[in-house]
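Visitor: I'd like to ask some things about the structure below.
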Amino acid sequence: MHPHIWYPFTQAKTSPPPLKVKSARGVWLELKDGRKILDCISSWWVNIHGHTHPKIAEAIFRQATELEHVIFAGFSHDPAEMLAEQLTERLPNGLNRVFFSDNGSTAVEVALKMAYQHWVNQNQQRQKFIAFEGAYHGDTFGAMSVGSRSIFTQVFSDMLFEVDFLPYPATYIGDPKIVKREQEVLNQLQEKLERNPKAYAGIIIEPLVQGAGGMQMCRVEFLQKLHQLAQQFDTLLIFDEIMTGFGRTGDWFACLKAQVTPDIICLSKGITGGFLPLAVSICSEEIYASFYSDDPIKTLYHGHSYTANPIGCAAALASLELMVENEPAFKGMEEKHLQYLTKLREAPKIEPKIEKLRVTGTIAAMDIVNSQKSGYLNKIGLVIREKAIEKGLLLRPLGNVLYLMPPYCITDEELSMVYQGIGEILDSL
Ligand SMILES: *Cc1c(COP(=O)(O)O)cnc(C)c1O
């Protein structure tokens with residue numbers, strides 16, 4: 001470990017020293033010792049077009065020589081305005097007002113504050129949120145509160161506000177009971193809302209895929225029924241698309257794939273193609289209208305030093321252009337993942353070691369069968385991680401959940417190498 005750095009999510013005493021990266025291009029990282037590693041997880045799920053894409057690099061350079069930063073209160077600029085226009089144009093009608101911040105956790109904080117104050121501004125006290133077991137919404141206090149209670153939040157549990165949790169109806173290929181499980185969750189939700197219709201400010205969910213919770217995947221049908229209930233009982237629906245946004249689920253956004261328009265959507269990770277920190281919380285005109293007033297107390301008093309940073313916005317605009325150019329890449333990856341997963345399962349030595357295979361768009365996942373308890377602390381993940389590095393692959397299983405989330409620029413040959421490597425690793429377990 002470096003003597004002056006405190007690394008995130010890392011117990012320095014027991015972790016191996018981090019690998020030092022010198023440079024990167026496309027899906028490849030080059031380490032300082034000369035080794036080449038194929039990035040199968042888009043860095044921290046951010047790097048949708050691959051590393052150091054020249055188009056984004058150029059856009060950043062150009063913007064940096066034009067306007068690098070300006071206070072975003074009382075001032076505005078083209079990159080932010082153009083980005084807001086393009087995002088709202090891409091998103092379902094109704095998601096109309098863009099609030100900028102600088103990372104996923106802050107985008108969630110903003111969404112929670114928007115939802116809560118939306119009711120306060122209409123003289124309603126709605127103190128509670130509904131969220132899902134296994135959810136991850138970030139590491140700040142509000143985001144932790146609506147996240148699943150886990151080893152990540154355990155130390156702070158007394159400091160978190162109260163949230164009602166529902167099971168996330170996760171499914172997989174060949175799941176026979178999903179319709180029943182979904183109905184049970186919806187029944188629980190309906191009961192809560194009927195019992196106390198004015199208690200809930202909103203419902204927050206990671207649509208289609210729960211990321212850090214273990215790449216758990218739910219169905220479009222569930223999200224549609226969830227939306228119906230939220231509307232029927234007049235509570236707000238917040239989609240945390242920080243991981244699922246920008247092509248990850250095989251469509252531009254999970255809400256488009258599900259044909260559901262939430263009241264607020266949070267976006268970050270892929271927004272700048274992995275170059276710079278940036279985030280947005282985008283809400284409906286109705287929410288915005290409840291803040292629009294002569295009364296100063298109805299203002300959303302929230303902002304960050306780097307809110308709508310022009311260079312970040314310029315990177316995001318360049319990344320959106322690349323998404324248009326590369327639409328077939330993220331729309332076509334689901335089919336490829338499915339073919340490779342089928343092959344894996346056909347290998348007699350591998351089949352008993354994996355279960356709950358699942359794919360949504362560019363994300364493929366499976367559970368590794370072993371005797372330890374499932375979850376983040378399952379040690380099989382570390383074993384796989386080390387074996388993968390030996391094979392030149394960056395994989396970072398979430399406990400016993402092995403997943404792939406490659407940059408969209410991965411070639412067929414590279415993807416084939418990745419699955420070949422995974423096959424060998426599973427074989428050796
Ligand atoms: C990563 C993530 C966050 C938090 O984003 P940060 O930029 O790491 O703060 C929130 N929600 C989801 C679904 C995420 O995947």
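Keep in mind that glycine also has a Cβ here, set from the backbone N, Cα and C atoms.
Here's the feature list from TrEMBL:
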| type | residues | note |
| --- | --- | --- |
| BINDING | Trp44, Tyr136, Lys269, Gly303, Arg396 | substrate binding site |
| BINDING | Gly104, Ser105, Asp240, His304, Ser305 | pyridoxal 5'-phosphate binding site |
| MOD_RES | Lys269 | N6-(pyridoxal phosphate)lysine |
Visitor: If H, G and I count as helix, E and B as strand, and all else as coil, what does DSSP give for Ser305 (pyridoxal 5'-phosphate binding site)?
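Guide: DSSP call for Ser305 (pyridoxal 5'-phosphate binding site): coil, neither helix nor strand.
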Visitor: Please check each of the binding-site residues Gly104, Ser105, Asp240, Gly303, His304 and report the ones with a CB atom less than 6 Å from an atom of ligand 1, ordered along the sequence.
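Guide: Only Gly104, Ser105, Asp240 meet the Cβ criterion.
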Visitor: State the three-class DSSP label for Asp240 (pyridoxal 5'-phosphate binding site), counting H, G and I as helix, E and B as strand, and everything else as coil.
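Guide: DSSP call for Asp240 (pyridoxal 5'-phosphate binding site): strand.
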Visitor: In the structure shown, which of the binding-site residues Gly104, Gly303 has the fewest other Cβ atoms within 10 Å?
Guide: Gly303
Visitor: Do any residues at least six apart in sequence from Arg396 (substrate binding site), in the same chain, have a Cβ closer than 8 Å to its Cβ, and if so which, in order?
Guide: Ile41, Gly381, Arg385
Visitor: Spatially speaking, which of the binding-site residues Trp44, Tyr136, Lys269, Gly303 is closest to Gly104 (pyridoxal 5'-phosphate binding site)? Use C-alpha to C-alpha, please.
Guide: Lys269
Visitor: Least buried of the binding-site residues Trp44, Tyr136, going by other Cβ atoms within 10 Å?
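Guide: The binding-site residues Trp44, Tyr136 were compared, and Trp44 has the fewest Cβ atoms within 10 Å.
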Visitor: Taking just the CA atoms, what is the gap between Ser105 (pyridoxal 5'-phosphate binding site) and Tyr136 (substrate binding site) in Å?
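Guide: Cα-Cα, rounded: 10 Å.
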Visitor: Between the Cα atoms of Lys269 (substrate binding site) and Asp240 (pyridoxal 5'-phosphate binding site), what distance do you get, rounded to the nearest Å?
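Guide: Pair distance, Cα basis, whole Å: 11 Å.
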Visitor: I'd like the Cβ neighbour count for Asp240 (pyridoxal 5'-phosphate binding site), meaning other Cβ atoms within 10 Å of its Cβ, all protein chains included.
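Guide: Cβ-Cβ neighbours of Asp240 (pyridoxal 5'-phosphate binding site) within 10 Å number 33.
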Visitor: Tell me whether Gly104 (pyridoxal 5'-phosphate binding site) sits in a helix, a strand or coil according to DSSP.
Guide: helix
Visitor: Rank the binding-site residues Ser105, Ser305 by the number of other Cβ atoms within 10 Å of each Cβ and report the first-ranked residue.
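Guide: By the 10 Å Cβ neighbour count, Ser105 comes out on top.
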Visitor: If you run the three-state DSSP split on Trp44 (substrate binding site), which class comes out?
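Guide: Its secondary structure by DSSP: helix.
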Visitor: Just counting, how many other CB atoms are there within 10 A of the CB of His304 (pyridoxal 5'-phosphate binding site)?
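Guide: Excluding its own Cβ, His304 (pyridoxal 5'-phosphate binding site) sees 16 Cβ atoms within 10 Å.
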